[in-house]
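> Under the heading transmembrane segment, TrEMBL lists A:15-35, A:42-60, A:66-88, A:100-122, A:142-166, A:195-217, A:223-242, A:249-267, A:273-291.
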Amino acid sequence: MQIALQQLVNGLTVGAFYALIALGYTMVYGIIRLINFAHGDIYAVGAFLGLSVYGLLAFFRVGDPVLATLVALVVSMGCTGLLGVLLYRVAYRPLLRARLSILISAIGGSLTLEYGLFLVYSPSFLVYPHLFGRAGLTAGDIQISWLQILIFASSIVLMAALYLMVHRTKIGMAMRALAINQDAARLMGVDVSRVIALTFFLGSVLAAFAGVLTGLYYSQISFLMGFLIGLKAFTAAVLGGIGNIPGAVLGGFLLGILESLAAGYFSSRWKDVVAFAILIVILVVRPRGLLGERVVERM
Amino acid sequence: MTLLGVRDLVTAYGSVEALHGVSFHVDEGEIVALLGANGAGKTTALRTISGLLRPRSGEVRFAGDRIDTRPAHEIVRLGLTQVPEGRWIFTLMTVDENLRLGAYAEPRVPREALDRVFALFPRLAERRGQLAGTLSGGEQQMLAMARALMTRPRLLLLDEPSMGLAPVLVRQIFHTIAEINREGTTVLLVEQNANTALRLARRAYVLENGRIVLEGPGAELARNEAVRRAYLGVGARPRGREGARERPPAP
Ligand SMILES: Nc1ncnc2c1ncn2[C@@H]1O[C@H](COP(=O)(O)OP(=O)(O)O)[C@@H](O)[C@H]1O
Ligand SMILES: [Mg+2]
């Protein structure tokens, strides 16, 4: 029971990362039916940009960890968001009608970002600043660090904000409309390309947020860090039902929890095997994911 | 005054040309019908005018300005709105959201446009909170037209508004089109239901295989032997309309 509860806490933390990244996959798929293979690397760029900001702030002797983290998050999210828009403009928009070529373009985008980081930063691991330590709450043998609480709470706030934006604002209404019928949205005066660009922006912003926080949580980053977590977040999106926003959140947390429990009861080497075996079973039973596929209409 | 002018319009899907140089015009205040059999190119013509398709050559002028190189979302803002064939309502959004999307280009939903739409279609007012996909076929057609009216168009392009509707609903839709026109909106009406369309339209064009083959006042075309045989289901040889060509076929 102790193990289960402790692993649940860890699972919710990792799950928040998966969910934040899965949202980017699911939103883009929902509106243009594209699997953006470069999305995991967008997340990696977010982590590296955050590290640069921390470096700059240290140079200017900004010591306050909360202030430094806020600045790192805001700068990294803004720049990474713009990078996501650039990726859409350069790699995807010219190929929107070519179903297969656009996937190749996505793989090209992914490699470009990965080896861009390799060249600009470093081929080896880089160490993130150790700002928050392990302090936190303790209940019996279960420990919850302040950083874990911060990660979980802020992710929930961002996801709720995204949900409200999609459902309560005019631009969110346009996103849902063009997910249903792009030409019909055009006939209503919606500048479809701009709304798609905004979707890339939002997805990249969430990924950058996850990137900076994973840096703080795991203390190190590398240029390939987006590859595996990208695959897992994509899996989480499919698990929840790709194109479905609440589904991506559910899938992300579920995957994080399954993985952590598997690590706790078996070993961390087996966690992916066990977690993915369970996922395959779920997808055999519900091939369209837990909350249903392709329904950004139900974003 | 000419509100819409189409000249020598050529539109192709890949290498297959669907319009081979189509010319016609719509004057301010008119209802003009565009008739033709299935596959004649009516929908292609409307989609080219509204900006969803790019013409290969030719020009489209709206209120004097070239619009054939403009994107669809800008053309709507100029006051030219298409109600597409098949309605294309946003099925998983509410009636209210569909209508608000019609006012997308405006900073806020214009009160008087909403009032006008609910006066024309009181049924929609009762169903504002309902998902559009759960409406009946007739109600969906009303919603498609209402949503288009929310853009406050000067010119409304209607693509087969009577398609798939029961006769009583067809009559109601045509009645509403006349009402919309009386209130000052110019209408270009595409129909296979030529009978009713010709009664409503001041002038009409007949499209055949991507070319305009006949034009004239609505009442005159309704009396034209060839049109009656081909489109009104009168006479023995439904496809024999050779003698009706007032425009020579393009070389
Ligand atoms: N998306 C498309 N791709 C290829 N050909 C098309 C497409 N849409 C229509 N066509 C062709 O263009 C011609 C005109 O079609 P359309 O404009 O839909 O006719 P109508 O509306 O008069 O029935 C037809 O031969 C049709 O097969
Ligand atoms: Mg048609």
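Residue numbers in this text run from 1 along the chain shown.
A Cβ is built for glycine as well, from the same backbone N, Cα and C atoms used for every other residue.
Note: TrEMBL annotation is automatic and uncurated.
For the listed features, I'd like the structural context: burial, neighbours, distances.
Residues 42-43, 84, 92, 96, 102-103, 106, 151-152, 155-156, 158-159, 162, 175, 178-179, 195-196, 199-200, 202-204, 206-207, 209-210, 213-214, 229-230, 232-234, 236-237, 240, 242-245, 247-249, 251-257, 294-296, 299 of the same chain lie 6+ residues outside the transmembrane segment (A:15-35) yet bring a C-beta within less than 8 angstroms of a C-beta in it.
Beyond the ends of the transmembrane segment (A:42-60), by six or more residues, the same chain brings 21, 24, 68, 71-73, 75-77, 79-80, 83-84, 87, 113-114, 116-117, 120-121, 126, 128-129, 203-204, 207-212, 214-215, 221, 223-226, 229-230 to within a C-beta distance below 8 angstroms of the stretch.
Here the transmembrane segment (A:249-267) has Cβ contacts under 8 Å with residues 3-4, 6-8, 10-23, 159, 232-233, 235-241, 273-275, 278-279, 289-291 of the same chain, all six or more residues outside its ends.
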> When you check the transmembrane segment (A:223-242) against the transmembrane segment (A:100-122), do you get at least 3 Cβ pairs under 8 Å, counting only pairs 6 or more apart in sequence?
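Taking Cβ pairs at least 6 residues apart, the transmembrane segment (A:100-122) and the transmembrane segment (A:223-242) are in contact, with 3 or more under 8 Å.
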> Which residues of the same chain, at least 6 past either end of the transmembrane segment (A:100-122), have a Cβ under 8 Å from a Cβ in it?
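Residues 34-38, 40-42, 44-45, 48, 87, 91-92, 223-224, 226-227 contact the transmembrane segment (A:100-122) from elsewhere in the chain.
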